[in-house]
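Asks: Structure provided below as C-alpha cells; questions to follow.
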Amino acid sequence: MRHDHLITSKQLSRADIERVLDYAAEIDADPSAVADRHADKLLGLLFFEPSTRTKMSFETAMKRLGGDVVDMGSVESSSVKKGETLADTVRVIEGYTDALVLRHPKQGAPAMASEFVDVPLLNAGDGAGHHPTQTMLDLYTIRENAGLDDLTIGIMGDLKYGRTVHSLAYALSNFDARQHFISPESLQLPREVVYDLHQQEGAQVREHEAIDEVLPSLDVLYVTRIQRERFPDENEYQQVAGEYQIDVDTLEAASDDLTVMHPLPRVDEIAPEVDETDHAAYFEQAHNGVPVRMALLDLLLREGGDGDE
Ligand code: NCD
C-alpha cells in the first residue's frame, strides 16, 4: 500500500482497495501460502475500548501469518491507569513490536499516535470517527455478494456516531455507489461527511427517515447498532432505541437478492429470524475479517516502515 499507517478509508484509492480485496481473496483460497510469512513478527494490540471481533480477528490473522501478538490488556490493568499518555504508550510498545493496532474512544487518537511511531499503525476504531479495517471486510463481503459495480446500498441506523458507516461511505464513493442513508433525524450522518461525499465526482447520496421508499431498490442493506455509549444523554438514547429494526416482514418488500449486513454486535436491529434467510450475510462478514486483516497486515509488514511504495 501507499501508506505506512492505516488511519481512515479516505486515504485509500479504488486501486488500493482492489489490491487488498484481491489479495484477501487469494489468501482465503489458499491460506497455507502465507502461513509462515511473518514467523518472527509481533503485532501489538492496544484496545482502549471493548472489542471482540476486531481484536480476535486481528489476533487470528497475525497467528495465521505465522506471527504472534502482544496485548496491552484492559485499560484497568495497564499503566494508562497511572496517567500515562497515549504518545508514551505507543512509543514504548513500538519498541516491542513490528506493527500496532489501536482502538481508542477519542476520535483522532490513532492519527495523533501515528505521529510518534515508525512501525505501521492500524486504526481499529476511534470514537465516532473511523474504522477502516472494518470497511475493508465490509467491501470484501459486498463484492462477494452483490459486486461493487453499479451498487445500490442502504445504510441504516446510527449514522451519526457509527464509525463503520463513516469509513464505508468514504470508501464506497470510490465506486460510484448509490448510497441511501436511513436514520432518524437526530442520528443523521455528520454534515461534514455529507459535504465530503458530495465533493466526489458522480456522488449519489440521499438521506431518508424511512426505509420503505428505498428498500425495494437495494442490493445491500447495511444495518448498524445505535451507539449507546456515545450518547451524551441517556434520555436521548431512549428516544431512538428500538427504532429502525428489521425482521422477515420488513424484508417482504425487498428484492430476493438483497444482502443484509451488520458490523456486529447487534442488539435488536435485526430479528434473529432473519439469520435463517438467504439475505443474512453478517456472520460471513465477520469471518471475512480474518483473510482481509491477513492481507492488510502482510502488505503493511512487508512494505510499511521503509517509506517505499
Ligand atoms: C463496530 C465498532 O466497534 O465500531 N464493531 C466492530 O468493530 N465490528 C460496530 C459497533 O460497535 O456497533
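Placed from the backbone N, Cα and C atoms, the Cβ positions cover glycine too.
For 5-144, the entry in TrEMBL reads domain 'Aspartate/ornithine carbamoyltransferase carbamoyl-P binding'. The carbamoyl phosphate binding site annotation in TrEMBL covers ARG53, THR54, ARG103, HIS131, GLN134, LEU264, PRO265. Under the heading L-aspartate binding site, TrEMBL lists LYS82, ARG163, ARG225. According to TrEMBL, the domain 'Aspartate/ornithine carbamoyltransferase Asp/Orn-binding' annotation covers 150-299.
Can you tell me where each of these features sits in this structure?
Replies: DSSP places the residues of the domain 'Aspartate/ornithine carbamoyltransferase carbamoyl-P binding' (5-144) in helix, strand and coil in these numbers: 70 helix, 23 strand, 47 coil.
Neighbour density for HIS131 (carbamoyl phosphate binding site): within 10 A of its CB lie 24 other CB atoms from the protein chains shown.
ARG163 (L-aspartate binding site) carries a helical DSSP state (H, G or I). Of all Cβ atoms in the shown protein chains, 25 besides its own fall within 10 Å of the Cβ of ARG163 (L-aspartate binding site).
Across the domain 'Aspartate/ornithine carbamoyltransferase Asp/Orn-binding' (150-299), DSSP classifies residues as 64 helix, 25 strand, 61 coil.
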Asks: Going along the chain, which residues six or more apart from ARG53 (carbamoyl phosphate binding site) have their CB under 8 A from its CB?
Replies: LEU264, PRO265, ALA286, GLY289
Asks: Show which residues of the chain containing ARG225 (L-aspartate binding site), separated from it by at least 6 in sequence, have their CB under 8 Å from its CB.
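Replies: Listed in sequence order, they are GLY157, ASP158, GLY162, HIS262, PRO263, PRO265, ARG266, VAL267, GLU269.
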Asks: Which of the binding-site residues ARG53, LYS82, ARG163, ARG225, LEU264 have a Cβ less than 6 Å from any atom of ligand 1?
Replies: ARG53, ARG163, ARG225, LEU264
Asks: Across all the protein chains here, work out how many other Cβ atoms are within 10 Å of the Cβ of PRO265 (carbamoyl phosphate binding site).
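Replies: There are 10 of them.
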Asks: Sort out for me which one of THR54, GLN134 has the most neighbouring CB atoms within 10 A, since those are the binding-site residues we care about.
Replies: GLN134
Asks: Rounded to a whole angstrom, what is the C-alpha distance between LYS82 (L-aspartate binding site) and ARG103 (carbamoyl phosphate binding site)?
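Replies: Cα of LYS82 (L-aspartate binding site) to Cα of ARG103 (carbamoyl phosphate binding site) measures 19 Å after rounding.
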Asks: Between the Cα atoms of THR54 (carbamoyl phosphate binding site) and ARG163 (L-aspartate binding site), find the distance and write it as a whole number of Å.
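Replies: THR54 (carbamoyl phosphate binding site) to ARG163 (L-aspartate binding site), Cα-Cα distance: 13 Å.
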